[in-house]
């Protein structure tokens, strides 16, 4: 598989430091408001990327953080709670972290390896800052804040391809008392009365944003790890500053091999913003459309390109999802009508879609082409395979169905055909019991188990001593 690396501006062969283990970190939300469709695009892409790596045989350790203390959270708490904000500010991140898990579940995003929170790692961050001060890469300002000295790190700007002189002239950096350089950034922010704080050797305060992600990613994944991701808006200054901190702390050029960024999402040609009043929340969209339709809508655009979000696109994706389910449902039910041997080479033609599907994902995660191949296979199943089902063996029909489901699993669609977790172990146990009953020629009881499972939507397919099962909603 080849993937575009923002650090090198090239599409590169994907390799990992540890064979068959892919370690990655994706910057998570600052939980101070509702998630919007731009957030969804980022997390769905990395979920598809993770699923494809797993299909290739990798164990994937994906870490996603929560920045659960930040100026935005503090300001939101003041708006909602007034003078009680100091006591109740934690209610804000808790509320929106809960929403994160609710929305990602509806989007069928698989759970991460870890979800570290800033507030649970402050002690580690203080230790990092102490080390950076000792090494001469950070300095203490008169108010007790600690700043990272950008000029001390060679090749600053390597990720965003900008020079320090240009950044100083045009960077969006607010001047702060105690800074030696406008580009220097806070590792530790001194306490403001009425706001949350933690102890440190310098003053009461809280950690800075850029430091937080470096500490949490390397704590869970080690350094260097394989890939670091997020939205394209994080390239500068956030990811640039992460690289600078890690260079100073570890003495390595890059603490992540691949930097992967997802393009902007626009509404009517403009980025979403509160001032324009064009923010579309995930809750709003998922109250009207399925998570699978939204996943397909995201996947119809290449992850690195800007994506224009429209409800027309979402309806197109919804219609596509219906076709995908029709192919699955009808082929699952038609398996019983398959013949004993193959009379036509339908499987070879069907599996060409799978070959093209995986070829597209191998080529820098080209999900638009992958979606078209999955959709093409669905249409082929409906238009051709089902009409000639009696001319292929049941095993061949099941091979086609399994490959189709395998492709859908990578994109995270057809998820509603999955056996509910609370049923899955029971089904497996009943299939094993039924196999023993068949061996003992207790066919009446074996047939009863098949019948009862069918009533739950679980269809059993016997091929000699082997039994496969499919699930219908």
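Including glycine, each Cβ sits where the backbone N, Cα and C put it.
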Range among 7-17, 18-28, 29-39 that Swiss-Prot annotates as motif ''HIGH' region': 29-39
Per Swiss-Prot, the range holding motif ''KMSKS' region', considering 271-275, 276-280, 281-285: 271-275
Spatial separation of residue 274 (ATP binding site) from residue 27 (Zn(2+) binding site) - C-alpha basis, Å: 22
Largest tally of Cβ atoms lying within 10 Å of a Cβ, found at which of the binding-site residues 27, 213: 213
Residue numbers, six or more beyond the limits of the motif ''HIGH' region' (29-39), whose CB comes under 8 Å of its CB atoms: 66-68, 70, 72-73, 75-76, 92-97, 99-100, 103, 231, 264-265, 272, 279-283, 285, 294, 309
Spatial neighbours of residue 238 (Zn(2+) binding site) that are distant in sequence (at least 6 apart) but have CB under 8 A: 27, 209, 210, 213, 230
Shell list (Zn(2+); ref centroid = CB of 27, 213, 238, 242; cutoff 8 A): 209, 210, 212, 214, 228, 230, 234, 239, 241
Other C-beta atoms that fall within 10 angstroms of the C-beta of residue 242 (Zn(2+) binding site): 26
Where residue 242 (Zn(2+) binding site) falls in three-state DSSP terms: helix
